[in-house]
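Participant: So TrEMBL has the following annotated:
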- 77-162: domain 'Phosphagen kinase N-terminal' (DOMAIN)
- 196-446: domain 'Phosphagen kinase C-terminal' (DOMAIN)
- 199-203, His269, Arg315, 367-371, 398-403: ATP binding site (BINDING)
Amino acid sequence: MFGGGRLFAAGRRVLSRGFSSSYASQRVGGTRFGIKAAGVLAGSAGVAVLATRGTHVAQNSGNILDEINQRLMRIEKMLLSYREFLDTIRELKKTHPGNLMAKHFDFEYFNSLAPELQERLVKICQSGVDNADSGMGCYAMQPEDYDLFKDFLGKVIQDYHKINGEVQHVTNWDLKSVQDKLPPGGVLDLTKLGLGTTSMRVRVGRNLAAYPLPGAMSKDDRVNLEKDMVSAFKKLMRDPSYGGTYYSLTPGTEYTISDAKYKDLVKRHIMFKDMAADPYLNSAGISNDWPYGRGCYVSADGQFIVWVGEEDHLRIMCMKKGTVLNDVFDRLSDACKVVEENAGKFAHSEQYGYVTSCPTNLGTGMRASVHIKVPGLTTDGTEKKAKEVCKPLGLSVRGAGGEHTPIGADGTVDISPSARLCIQEAEIIAALYEGIQLLLKEEAKAKRNSKL
């Protein structure tokens with residue numbers, strides 16, 4: 001009988017002979033690539049075929065070899081795609097130094113991985129390969145990816161988040177722990193800064209530990225996750241402090257909405273846009289199976305919203321037109337606890353905090369923002385000057401309608417602290433309050449200068 005060990009060795013010999021000219025002699029990214037992975041896969045192919053034949057191997061050796069040959073052809077195709085993948089990254093290192101995936105990709109590290117891990121890392125990096133202009137260039141596919149591929153992703157994370165030394169995130173929503181950064185009494189009252197009623201919003205990205213991250217989810221995964229969330233939302237709907245309803249984009253459910261209703265929700269910034277038009281999310285597999293498994297929950301007062309099935313499993317948001325930041329911050333803190341209690345444990349890393357698809361949101365996954373009028377800093381009709389002023393303050397600036405939207409006609413912009421990782425939730429909301437105060441001083445200065 002042709003034993004599994006001999007078949008494994010035979011597979012390696014076949015690959016070494018058949019691919020020697022195209023793989024063994026190739027150097028991709030400065031390292032030999034192909035034979036190690038090919039040998040392991042060839043042996044696996046042979047053993048898999050052997051297992052399916054049982055005691056009839058001897059009588060069916062011709063069929064077995066044919067099947068092995070077919071599997072080896074598939075392996076060859078895979079290796080060719082890997083070669084193109086690695087060649088593209090080598091070129092991106094030269095042409096797009098801002099692509100952090102390409103910048104920190106280590107060919108020797110990739111070649112040291114087992115074949116199944118190589119395949120996983122390829123998927124993580126695919127968006128940055130397909131979209132050269134990516135700033136980040138990678139999306140995690142499984143909750144454990146940040147720990148499993150720490151040797152690569154750790155460098156990307158440190159670079160993006162500007163962290164020197166070891167990363168160790170700490171979660172803390174307690175405002176009492178940052179009293180030295182708060183005004184007396186701990187109330188973040190915008191009227192004390194000279195502002196009136198304004199749009200305040202705090203959101204977090206969360207993923208359920210029981211499922212793959214969106215880029216690796218199957219259609220069934222997406223639909224089942226939405227079903228789990230609907231069960232959780234039904235509990236909220238029965239709670240007088242939440243109430244509300246759920247809007248599903250999945251065809252044929254009890255909460256499915258019409259296309260007209262969907263467009264209306266998008267226009268009102270309640271529902272997220274069709275992700276199928278996003279090339280970065282497409283390459284990462286995040287927008288696959290649209291619109292299945294997508295929807296949003298909206299509370300009765302319209303001030304608490306949960307998106308389901310966007311870049312992360314969940315985007316949990318609290319918003320309000322008011323003057324006290326504590327209102328939205330405290331409600332979000334409570335809401336996150338309620339959602340996790342009803343929906344299941346959130347994916348979390350001891351080192352990186354809450355796990356998100358994109359490394360940019362790791363840690364808190366939080367964005368806290370307000371709309372603020374700065375006509376003196378937007379006299380040219382753009383947010384360019386406001387961004388220049390806000391960057392050293394640790395603030396990000398967007399248009400009033402969100403990312404990639406124009407500023408308001410009255411100079412209204414959306415500002416938020418930039419940091420997500422190795423900063424506590426309580427520190428983010430405190431930083432927003434302080435940032436508003438500093439920005440208003442710069443606005444007053446710009447107005448004075450314009451009168452000179």
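Positions of Cβ are set from backbone N, Cα and C atoms, glycine also.
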Participant: What's the number of neighbouring CB atoms sitting within 10 A of the CB on Val202 (ATP binding site)?
Facilitator: 28
Participant: Of the residues in the domain 'Phosphagen kinase N-terminal' (77-162), how many are helix, strand and coil by DSSP?
Facilitator: 62 helix, 0 strand, 24 coil
Participant: DSSP three-state call for Ser199 (ATP binding site): helix, strand or coil?
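Facilitator: Where Ser199 (ATP binding site) sits, the three-state DSSP reduction gives strand.
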Participant: Going along the chain, which residues six or more apart from Arg398 (ATP binding site) have their CB under 8 A from its CB?
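Facilitator: Correct list: Ser369, Glu383, Thr405, Val413, Asp414, Ile415, Ser416.
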Participant: Name the residue among the binding-site residues Ser199, Ser369 whose Cβ has the smallest number of other Cβ atoms within 10 Å.
Facilitator: Ser199
Participant: Taking every protein chain shown into account, which of the binding-site residues Arg315, Gly401 has the largest tally of Cβ atoms within 10 Å of its Cβ?
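Facilitator: The largest 10 Å Cβ neighbour count belongs to Arg315.
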Participant: For the domain 'Phosphagen kinase C-terminal' (196-446), what's the model's average pLDDT?
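Facilitator: Over the domain 'Phosphagen kinase C-terminal' (196-446), the predicted model scores a mean pLDDT of 95.
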Participant: Three states by DSSP: which one describes Gly401 (ATP binding site)?
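Facilitator: Reduced to three states, the DSSP call for Gly401 (ATP binding site) is coil.
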